[in-house]
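Lifted from TrEMBL, the feature list:
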- 44-94: domain 'Mur ligase N-terminal catalytic' (DOMAIN)
- 130-329: domain 'Mur ligase central' (DOMAIN)
- GLY132, THR133, GLN134, GLY135, LYS136, THR137, THR138: ATP binding site (BINDING)
- LYS239: N6-carboxylysine (MOD_RES)
- 352-480: domain 'Mur ligase C-terminal' (DOMAIN)
Amino acid sequence: MPSVSNYPAPRLDSRPAETFRATLGDLATRLDVAAPDRADVAFTGVALGTDHVRTGDLFLGIRGANSHGARFAAKAVEAGATAVLTDAEGASLVPSEVPTVVVEDPRLAAGPASAFLYRDPVASMTSIGITGTQGKTTTAFYVAAAAGMQQSGTIGSIGTTVGDDFFPPVLTTPEAPELQALFAVMREQKLGTVAVEASSHALTLGRVDGFAFDAGVFLNLGHDHRDYHPTQADYFAAKALLLTPEHAKVGIVDIDSHWGRVLAAQATVPVRTTSASGSESADWRAEDVELRAHGSSFTVRSPDGERVRFTTQLTGAFNVNNILAAVAALTESGRDLADLAPGIAALPSVEGRLQRFDFGQPFAAIVDSAHKPEAINAALRAIRTTTPEGRLIAVLGANGHRDAAKRRMMGRFAAMFADVLVITDDNPYDDDPAEIRASLIAGARSSTVEITEIADRREAMAAAVRMARPEDTVVILGKGHERYHALAGGEIAWYDPDVLREVIEAL
Ligand SMILES: CC(=O)N[C@H]1[C@@H](OP(=O)(O)OP(=O)(O)OC[C@H]2O[C@@H](n3ccc(=O)[nH]c3=O)[C@H](O)[C@@H]2O)O[C@H](CO)[C@@H](O)[C@@H]1O[C@H](C)C(=O)N[C@@H](C)C(=O)N[C@H](CCC(=O)O)C(=O)O
Ligand SMILES: Nc1ncnc2c1ncn2[C@@H]1O[C@H](COP(=O)(O)OP(=O)(O)OP(=O)(O)O)[C@@H](O)[C@H]1O
C-alpha cells in the first residue's frame with residue numbers, strides 16, 4: 001500500500017549529527033554476553049528493520065510475528081550494516097562472514113544496545129513517560145508547554161517535536177533504536193525535557209527498554225487494542241510495566257479511575273497519586289475547579305500543601321486530569337510547581353484534539369482524534385457543555401483491521417451525547433466498510449440519536465455542515481492530526497481540517 005504524507009519536511013536529521021562509535025566487544029561486555037570473533041568491528045548506528053539501515057549500522061535480527069528478522073541480514077549488509085545482533089536461531093540465518101553478537105532476546109537488547117552507542121542520551125534531560133488509553137498526546141504537550149516548548153521535545157502519535165522542529169510519526173512509540181537516536185538529537189539541541197508516549201505495544205516489545213524515565217505517568221485504561229491484548233487484564237499488565245523500576249524512577253498515577261487505584265496499590269516504584277476530582281487520598285489534587293466552555297481554571301495542591309492556580313485554554317474536564325499528571329510528573333522530577341503555570345496557560349491547542357476551526361461558518365466546528373469508546377465519550381461530553389442550546393452533530397467512522405469489538409461500543413458511547421450521528425468511513429483498509437458502519441450503527445441504535453449513513457467521508461462531512469444551524473456544533477471524530485485515509489486500494493492524502501474547510505466553503 002503506498003504511503004502518503006503532507007507533513008512538513010523535517011529540518012533536522014532523526015539521527016544525531018555527531019558520529020558515535022562502539023565496538024562489538026564493548027557492546028558484548030555491556031550486554032554481558034560472549035564477545036564475537038571479530039570483537040574489534042565497530043558500528044555507528046543501530047537499525048531494526050532493513051528500511052532503516054544506514055552505513056555502519058548494527059542490524060538487529062529479531063523474531064517477529066511473521067518472520068525472523070535475521071533472514072534479512074544479507075539485505076541489511078547490502079544496505080551498509082557492518083554487523084548483526086540476534087539470537088541463536090537468528091545466528092544460523094546470518095551469512096557466516098558477517099560479525100554477529102548473539103543474545104538471548106535481541107528485542108530486549110535493542111534499547112540497551114542503542115542507549116550504549118549514543119551514551120545514554122536521555123540522562124541529560126528530564127524524561128517523562130506517559131501511558132494510558134486516553135490523554136497521552138495531550139499530556140505530553142502539557143509537559144512540554146509547562147517546561148517551555150522551545151526547550152522540550154515530545155514523542156508520540158502526532159510525531160516528534162524537537163523545540164520548533166518536527167518529524168512525522170511512524171508509530172506512537174518508535175522502536176528503541178529510533179527512540180534513542182531521537183533522544184541523542186534532542187541532547188544535541190540542548191533540550192531540557194522530553195515527554196514520551198509509551199504505548200502498551202512499546203512496553204511489551206521493549207521499545208522503552210534500556211533507560212528509566214524520571215517519572216512514569218499512568219492516566220487511565222479504557223477499551224483498546226484487544227486484537228493484541230486478549231483480555232483487559234493483559235492490556236492493564238502491559239501498561240503497568242511503565243511503573244516498574246526498569247522503566248521509571250517514580251510513578252504518577254491518576255486515581256480517579258478503577259484501574260488507577262489498582263495500579264497505585266501494586267506498582268513497584270514509589271507512587272504519587274493525582275485526582276482531578278479532589279479525592280482526599282490523592283497526593284496531588286485539583287481544587288476549586290472552574291470549567292468553562294473554552295478551558296478551565298483550578299488550583300493544584302501539592303503533597304506538601306503548596307497551592308498554585310492553573311488555567312488552560314483547552315476544553316474538557318479531562319484536561320484537569322492531564323494537567324495534574326503533567327505538573328506532578330515535572331515537580332516530582334525536580335521542577336518548581338509555580339514555574340509551570342505560565343506555560344500551561346499559554347498552550348493554545350494540541351493538533352487534532354478538540355481543535356476548533358473558524359472558516360467563517362456560523363456554527364462551531366471541531367476536529368477531534370477520539371477513536372476509542374471512552375475518548376469519544378469524553379470528547380462529546382466536553383462538546384455538549386459548549387453547545388448549550390444547539391445540536392451536537394458528530395461524524396463518526398471506525399478503523400478496519402484492528403479491534404473489531406470496540407466498534408459497537410464506539411457507536412453506543414457516541415450516541416449518549418450526540419443528537420445526530422453521521423456514520424461514515426475512517427481507514428477501513430481492506431475490511432468491509434459497510435460491515436464496520438453497521439457495527440457502529442448497531443451500537444448507536446440503543447438510543448434516540450438521529451443516524452445518517454454516508455460511506456464517503458467527504459460527503460458525510462458535507463452533509464454534517466449542511467444540516468448545522470448557528471447554535472449547533474459539528475465535530476469530526478477519529479482522525480485528528482492524521483494525513484491519510486486508508487482505503488482498500490491504498491492510502492490517499494487526507495487531512496480532516498482541510499476537508500472541513502472545503503465543505504464549509506462550499507456551503
Ligand atoms: C504488532 C506490532 O507491534 N508489530 C511490530 C513487530 O512486527 P512483527 O513482529 O510482525 O515483525 P515481522 O513482520 O515478523 O518482522 C520481523 C523482523 O523483520 C524485519 N524485517 C522484515 C521485513 C523486511 O523486509 N526487512 C526486515 O528487516 C522487521 O523489521 C522485524 O524486525 O515488530 C516490527 C519491527 O520491530 C514493528 O514495526 C511492528 O509494528 C507494526 C508496524 C505496528 O503496526 N505496530 C502497531 C500495532 C503499534 O505498535 N502500535 C502502538 C500503539 C498505537 C496507539 O495506540 O497509539 C504504537 O506504539 O504505535
Ligand atoms: N484524560 C483523558 N480522559 C479521557 N479522555 C481523554 C483524556 N485526554 C484526552 N481525552 C480524549 O481522547 C482524545 C485523544 O486524546 P490524546 O490524543 O491526548 O490521547 P492518546 O492517549 O494520545 O490517544 P491516541 O493513542 O489515540 O493518540 C482527545 O481528543 C479527547 O477527546
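A Cβ is built for glycine as well, from the same backbone N, Cα and C atoms used for every other residue.
Residues GLY132, THR133, GLN134, GLY135, LYS136, THR137, THR138 make up the record's ATP site, and a Cβ search at 8 Å around their centroid adds ILE130, THR139, GLU197, LEU219, ASN220, ASN322, ALA375 from the same chain. In the structure shown, the C-beta of THR138 has more C-beta neighbours within 10 angstroms than that of any other entry among the binding-site residues THR133, THR137, THR138. Checked against ligand 2, the recorded positions LYS136, THR138, LYS239 give LYS136, THR138 in sequence order as having a Cβ less than 6 Å away from one of its atoms.
Long-range Cβ contacts of LYS136 (ATP binding site) within its own chain (separation 6+, distance under 8 Å): ILE130, GLY156, SER157, THR172, GLU197, ALA198, SER199, LEU219. Around the Cβ of GLY135 (ATP binding site), the number of neighbouring Cβ atoms within 10 Å comes to 27. For the pair GLY135 (ATP binding site) and the residue listed as 'N6-carboxylysine', the C-alpha distance works out to 14 angstrom. Secondary structure of the domain 'Mur ligase N-terminal catalytic' (44-94), assigned with DSSP and counted as helix (H, G, I), strand (E, B) and coil, comes to 17 helix, 14 strand, 20 coil. Close to LYS239 (N6-carboxylysine), meaning Cα to Cα within 10 A, are the following binding-site residues out of GLY132, THR133, GLN134, THR137, THR138: GLY132, THR133.
In this structure, GLN134 (ATP binding site) belongs to neither helix nor strand by DSSP; it is coil.
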